[in-house]
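Novice: Below, the features straight out of TrEMBL:
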DOMAIN    18-153  domain 'EamA'
TRANSMEM  53-70  transmembrane segment
TRANSMEM  82-102  transmembrane segment
TRANSMEM  108-127  transmembrane segment
TRANSMEM  139-157  transmembrane segment
TRANSMEM  163-182  transmembrane segment
DOMAIN    164-306  domain 'EamA'
TRANSMEM  194-220  transmembrane segment
TRANSMEM  232-252  transmembrane segment
TRANSMEM  264-284  transmembrane segment
TRANSMEM  290-309  transmembrane segment
Amino acid sequence: MSKVRSDTVVSSARDVRLGLPLALAAAFAFGMSGGWARGLIDAGWTPGAAVTARIWVAALVLLIPTILSLRGRWVLLRRNAGMILAYGLLAVAATQLFYFQAVAVMDVGLALLIEYTAPVAVLLWLWLRRGERPTRRSILGAAIAFVGLVLMLDILTGADVNVAGILWALGAMVGAATYFVLSAKVDTGLPPIALAGSGLLLGAVGLTVAGAIGVLPIAWTTDDIAYRFGSVPWFVPVLAMGVVATALAYLLGIASTRMLGSRLASFVALAEVVAALLFGWLLLGQLPDLLQALGGVLVLVGVVVVKLGEPVAAKFVEPIPAGAPALPAKNVYEKPAEKEL
């Protein structure tokens, strides 16, 4: 018996019961990375060293699942080499590097909220590049998110704004938008776990080369890392970021997207912002003030409205072989529907 899922319909209540906890777990796993990274950076690690360690650990953990998912179809890697290159260097390495650069000088929750305006950037890109005019609802959502961003950054109150942190976070937002656009490609034949694993490996190699030639500052220490609850050995946050906040988060995200469909899964993934705020408080004692919290809520509301304004795609259905994973990513901008046989 076949099951057909679109961005708005889930055929099985059992899938929802199983998929929602997995999606929430993926969001909370992704959300903890900024807090762990800030502890490393405060101890003397450069953002480049922290993100390189994170991506290498995740790439090694996902190496075997990536090989198994390809089932000997190595031609898929060669056929999609350009997309994997862009995915690994831009959507993975650059996004995470810019995010870690941002959390080095601003609260992790605020940095992630700025990054999470990426659906608005995707909206503009589709309009300018492909001529896909946004719906009124999407335009309204973008306006709400912009107002929230202004409040969140305390611009109206004349507060000191870390311009460098904002620019790094906006860079992460552009990288995340690239991630959504690349992840939405359904005609590649490349299993999502293979895209994630190969992208992480390529990103890790790229960051290592950049560090070796002096383009990316790389420095670290083996001293214990201090957090709000106490000090831990340096490898604890490195493993937490690489294994839990990246490799496990990708696996949970892919599994939940397959059960829920990418549209519902992308809404649940907004819990990552809540997780970032929670871990920012637990690990670092960071809490937004009332105005920033209100701005953060408006940003999330705006993103939800933007995504609700996305046209539901029924233009074509891409068949997926039995047993193949669904589309990757915690928050994929995707128009086509899925069909599982």
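Backbone N, Cα and C define each Cβ position, glycine as well.
What you are looking at is a predicted structure, and each value in this text was computed from that prediction instead of being measured.
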Novice: How about long-range neighbours of the transmembrane segment (53-70): same chain, 6 or more residues beyond its ends, C-beta under 8 Å?
Specialist: 33, 37, 76-77, 92-93, 96, 191, 193-194, 196-198, 200-201, 203-204, 207-208, 220, 238-239, 241-243, 245-247, 250-251, 325
Novice: In the same chain, which residue numbers or ranges, 6 or more beyond the ends of the transmembrane segment (194-220), come under 8 angstroms Cβ to Cβ?
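Specialist: The answer is 40, 44-46, 48-53, 55-56, 58-59, 62-63, 65-66, 69-70, 76-77, 80, 83-85, 87-89, 91-93, 96-97, 183, 188, 234, 246, 250, 254, 328.
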Novice: For the transmembrane segment (163-182), could you work out the same-chain residues 6 or more beyond its ends whose Cβ comes under 8 Å from its Cβ atoms?
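Specialist: Long-range Cβ neighbours of the transmembrane segment (163-182): 83, 86-87, 90-92, 94-96, 98-99, 101-102, 104-106, 110-111, 114-119, 121-122, 125, 153, 329, 331-333.
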Novice: According to DSSP, how is the domain 'EamA' (18-153) divided among helix, strand and coil residues?
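Specialist: For the domain 'EamA' (18-153), the helix, strand and coil counts are 113 helix, 0 strand, 23 coil.
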Novice: Summarise the model's confidence over the domain 'EamA' (18-153) as a mean pLDDT value.
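Specialist: So the average pLDDT across the domain 'EamA' (18-153) works out to 89.
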